[in-house]
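Sequence annotations record features per position, and here TrEMBL assigns domain 'ABC transmembrane type-1' to 30-323. What TrEMBL records for 356-590 is domain 'ABC transporter'. Annotation comment: TrEMBL describes 28-53, 73-97, 151-171, 177-195, 255-276, 282-301 as transmembrane segment.
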Amino acid sequence: MNKKAKEGNTRKALAYFYRYLKPYWKGITVVIILSLISTVTQVLAPLFLGQAVTSLTSFVESAFAGHAHLNAFYSGLGMMMASYILGIIAILIAWMVMSRFNAYSTNDMRENLFSKFQRMTIRYFDTHQDGKLISLFTSDLDNIFNAMNNAIFEIVSQGSLFIGVIIMMFYTNPTMALLTVATTPIILIVSLMIMRKARRRLDQQQDEISDLNGYINEQINGQKVIITNGLQKESVKNFTKYNDRVRSAMFSGQFFSGMLFPLLQGLSLLNLAIVIAGGSWLIVAGNVSQAVGLGLIVSFVQYSQTYFQPLTQLTSIYSMIQLALTGARRLNAVEEQDEEDPVASGQVLCGIEDGVSLTDVHFGYSKDKEILHGININAQKGKEVAIVGPTGSGKTTIMNLINRFYDVDAGHVEFDGTDVRKLTLHSLRDNVGIVLQNSVLFTGTVAENISYGKPGASRQEIIAAAREAQIDDFIQGLPEGYDTRVSDENAVFSTGQKQLISIARTILTNPTFLILDEATSNVDTVTEEKIQKAMDAVIAGRTSFVIAHRLKTILNADEIIVLNNGKVMERGSHQRLLQKRGFYYDLYTSQMAFN
Ligand SMILES: Nc1ncnc2c1ncn2[C@@H]1O[C@H](COP(=O)(O)OP(=O)(O)OP(=O)(O)O)[C@@H](O)[C@H]1O
């Protein structure tokens with residue numbers, strides 16, 4: 001990444017924080033005011049201590065006779081204690097206010113990120129690993145929360161402390177103040193050099209963690225494939241590669257960012273010696289009295305420590321701040337992603353009168369590789385069109401275009417002669433029901449899973465849909481029937497059963513147009529028969545596209561479209577296609593040979 005892009009990213013990350021913290025400006029103002037109060041108390045305390053020491057020395061010098069000095073000593077000490085107590089109270093209240101708005105603002109970030117996911121295009125999910133997306137919710141948001149909880153407070157309080165202490169030092173004694181800040185330019189140059197190195201490495205650390213999460217997620221999902229192929233060792237070996245990359249990025253990131261803290265601490269101790277030497281020189285040179293000189297030394301020992309405190313504190317949280325900026329950059333990048341266009345002012349689709357058609361459709365997932373090369377399909381109202389073809393021929397891609405998961409590059413997908421891009425997305429999705437090959441069950445009861453698309457459905461409606469989908473018997477046999485909970489620990493559903501529940505879900509939403517990606521390729525014959533019946537039930541009277549893997553399931557389709565390499569090879573009824581003795585005939589006979 002070049003320098004300009006990086007600066008742009010940092011600006012975006014800062015703008016991200018600004019967006020989310022803006023609603024909490026009142027709380028932030030309170031925190032700033034309280035921090036300033038605490039700063040004032042911290043910079044005044046050494047002054048009071050210095051006055052107390054000066055008074056005590058004068059009291060001793062006056063052979064314990066000057067009671068005014070003793071009173072001044074006590075009042076200086078009292079003021080010092082009062083300052084510290086006030087400071088502690090201010091910090092406690094500020095901490096409470098800040099913890100509250102931090103929790104709220106990170107909650108807003110999490111909520112917005114999740115709802116953004118609901119609006120984003122399928123293309124984004126198709127091109128990003130699940131684990132990487134989860135990383136945004138875990139690692140990145142955690143980093144942001146940690147930094148906001150610690151860093152904001154530190155930046156405000158330490159920043160004001162830094163300025164406050166400089167003012168007080170110059171007010172108290174300019175010579176001593178100059179001596180205290182003399183080493184600052186060197187410290188700043190060295191710190192900036194180290195910080196630049198650290199920033200690059202911390203960015204890399206987050207990217208590597210995200211890659212590792214992506215890999216872990218993929219491997220957990222593919223655990224069965226790994227075991228059946230005996231690839232456990234390879235899996236661990238690859239994991240080690242990703243893990244090593246994280247380790248090395250983490251090491252250099254933490255090494256460079258962590259280096260600043262001990263460096264500055266060492267320098268602050270060195271500075272103490274300079275201050276004490278300077279104070280002693282002032283006394284010896286006769287510039288100040290012994291009492292004033294001692295008071296100055298005591299005050300400046302404290303000032304020197306207070307002066308270095310913001311520097312050391314800020315560098316100790318530097319990696320935290322940097323990781324949070326990286327997190328904000330990554331979350332902001334998601335917020336900038338394309339969203340589905342809801343076509344709010346489009347035409348509302350209310351059922352299908354004529355049918356659904358694809359006309360000369362060309363499409364590729366990327367510009368340089370066309371997948372569909374001029375597809376023409378016409379499904380008249382109430383008809384079943386089956387799409388068959390070898391794997392990778394483009395069947396699912398056609399489904400993706402009808403439902404507007406993707407848009408065509410050329411040609412048209414039309415409902416009753418209206419291009420899908422002119423229909424409101426909501427009405428399009430309302431009219432289209434999809435049963436996917438890998439049906440998903442969500443956490444909740446079986447009944448809730450069936451009524452997912454129609455949350456207000458009555459129990460009778462749910463049962464009727466399950467009966468039509470041939471899954472009622474099975475559900476009744478579950479320990480708690482329709483109230484059985486679906487969860488990871490209770491994964492009692494086979495692929496076929498999941499698909500039947502998914503068909504019941506679709507039946508309940510009563511769509512006018514149906515896309516069925518049948519799952520009969522990996523179910524037993526009993527379930528296959530049930531799926532067939534369920535499919536017949538759900539298809540009946542509806543305009544439908546069936547993506548068939550088993551040709552047996554689409555013998556009654558009104559039209560069968562035979563795809564190969566993104567082109568329609570043949571079309572017609574089952575009988576006509578068999579008579580043709582072409583591509584379909586070969587497909588069918590080869591499948592029947594295995595039955
Ligand atoms: N999200 C995607 N990004 C890029 N290419 C894709 C994507 N999805 C599918 N493809 C490619 O598009 C082509 C058609 O895939 P598609 O999933 O439509 O085939 P299919 O006929 O449904 O296959 P199957 O029977 O195996 O499900 C394939 O070459 C595939 O690699």
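Quick reminder: no glycine exception, Cβ is built from N, Cα and C everywhere.
TrEMBL entries are annotated by machine, without manual review.
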Other parts of the chain folded back onto the transmembrane segment (151-171), taken as Cβ under 8 Å at six or more residues beyond its ends: 31-32, 35-36, 38-40, 42-44, 46-47, 91, 94-95, 98, 102, 177, 180-181, 300, 303, 306-307, 309-311, 313-314, 317, 320-321, 324
Average model confidence [pLDDT] within the domain 'ABC transporter' (356-590): 87
Positions whose Cβ lies under 8 angstroms from the transmembrane segment (73-97), at least six residues beyond its ends: 27, 30-31, 34-35, 37-38, 41-42, 44-45, 48-52, 55-56, 59, 153, 157
